[in-house]
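> These came from TrEMBL, pasted as-is:
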- 407-518: domain 'STAS' (DOMAIN)
- 6-28: transmembrane segment (TRANSMEM)
- 40-64: transmembrane segment (TRANSMEM)
- 76-94: transmembrane segment (TRANSMEM)
- 126-144: transmembrane segment (TRANSMEM)
- 169-191: transmembrane segment (TRANSMEM)
- 241-264: transmembrane segment (TRANSMEM)
- 310-329: transmembrane segment (TRANSMEM)
- 336-354: transmembrane segment (TRANSMEM)
- 374-401: transmembrane segment (TRANSMEM)
């Protein structure tokens with residue numbers, strides 16, 4: 001329900017999104033721990049007015065990716081991009097929930113929320129502020145107590161008593177969100193008259209939740225604009241969803257497979273990525289028929305499964321059953337949940353997404369990776385989808401730049417010969433660079449023999465062989481002997497078919513063999 005509020009939807013849509021996906025995952029999933037449902041990341045990426053259609057399109061996209069084996073596309077989302085996105089998302093989500101802590105209404109959006117809070121701070125509702133801050137402090141305390149008591153060492157004679165106490169603290173700490181919701185709702189029930197106008201209530205409560213199960217129906221492919229006679233067509237809806245049609249499915253799969261693999265590694269079982277992609281697609285596809293917004297694997301709920309020693313995916317049946325019972329019988333009670341309490345739950349859930357250690361590691365290990373991380377981080381404050389797409393674009397440009405300028409390093413130079421090394425595969429983006437490098441050596445004329453170490457070169461394409469051919473020709477015209485060493489047999493045969501031998505190129509197994517055939521340099525008068 002809290003994540004539905006984060007997405008700007010009515011709270012029942014959070015429950016609609018939390019039952020059918022887990023049933024489907026029980027039948028098709030390969031991780032015993034994963035629980036499908038709404039998450040903070042999916043909530044902040046969701047388009048409010050077309051959430052159900054977006055779920056349907058996510059399912060179609062995932063199924064198509066599975067059929068055409070396109071799951072590898074998520075590999076182009078680099079770790080720095082994920083780090084920047086997660087860190088920015090934690091700040092954006094927390095900031096947009098602060099208005100509920102203060103009991104202030106502001107426009108939707110990061111900058112709009114900050115401006116709205118600062119300009120309307122005098123309208124703060126004291127009870128909302130007290131409730132929100134208290135809930136955050138209790139959530140932090142319960143989490144600390146759970147972690148503290150989970151690792152405490154006890155004497156043998158105290159083992160039974162402490163074990164019971166530890167189990168109790170673990171249970172309360174694990175279910176701390178439910179504890180906060182129950183306590184805050186009880187307090188709200190005691191001090192708030194639901195019949196009073198909203199403006200005079202001491203606490204801001206959540207909106208009424210429509211009880212009962214959602215209808216099972218195909219999502220609407222048109223949208224009627226409220227207050228007008230205008231109808232938005234399917235093609236216009238697709239245009240409005242825009243980059244979300246690509247970003248949401250990719251992030252959903254990436255989030256779920258990362259969680260599944262993490263728990264699989266920890267608990268010693270294998271996760272089938274292709275099957276997971278298909279499962280997420282089927283889960284989203286059919287969940288759209290029950291008015292769900294996009295779902296994926298949830299880290300928090302999956303962690304509870306793992307800590308509870310759930311042994312098979314069938315554990316999801318109990319999760320789905322509880323949600324269905326809640327929809328059917330508890331909807332009236334949900335209206336007493338304070339909005340500030342739900343905001344506190346969200347803030348404490350996403351605050352750990354901020355990853356300063358990961359940012360420092362990116363800086364320490366490879367400075368160039370800081371660029372896509374910073375681009376993603378900053379643009380996500382404007383628009384999450386644009387930030388992710390821009391970060392991916394910068395990462396791919398960095399990757400392509402390395403192919404366009406392959407490392408060609410001079411290892412040895414003594415006036416009679418030069419030994420140069422190519423450190424990676426060579427294909428068409430870098431072909432011109434290598435050709436220019438060879439021609440530059442021909443123009444310089446600093447040696448009589450150029451030895452090119454290709455032992456690290458694993459791939460060649462037609463453009464690369466053309467570059468070798470033209471480079472060999474330039475070296476021959478400058479009376480420089482060209483010796484190529486360490487090529488794999490298949491690549492050597494490709495060059496020979498391009499007639500590089502006709503232009504004076506010779507092939508050797510290694511650099512030492514090539515150097516042994518060089519005539520000693522004679523003394524000049």
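Glycine is no exception: its Cβ is also placed from the backbone N, Cα and C atoms.
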> Please check if the transmembrane segment (336-354) comes into contact with the transmembrane segment (241-264), where contact means 3 or more CB pairs closer than 8 Å and the residues in each pair are separated by 6 or more positions.
no
> Between 6-28, 126-144, 241-264, 310-329, who has the most Cβ pairs under 8 Å to the transmembrane segment (40-64)?
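If we count Cβ pairs closer than 8 Å to the transmembrane segment (40-64), 241-264 scores highest.
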> Mind checking how the domain 'STAS' (407-518) divides into helix, strand and coil residues in DSSP?
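Output for the domain 'STAS' (407-518) reads 52 helix, 28 strand, 32 coil.
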> Tell me, roughly as an integer, the mean pLDDT over the domain 'STAS' (407-518).
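Value for the domain 'STAS' (407-518), mean pLDDT as a whole number: 88.
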> Pairs 6 or more apart in sequence, C-beta under 8 angstroms, 3 or more of them: is that satisfied by the transmembrane segment (126-144) and the transmembrane segment (76-94)?
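They do not touch: fewer than three Cβ pairs between the two stretches lie under 8 Å.
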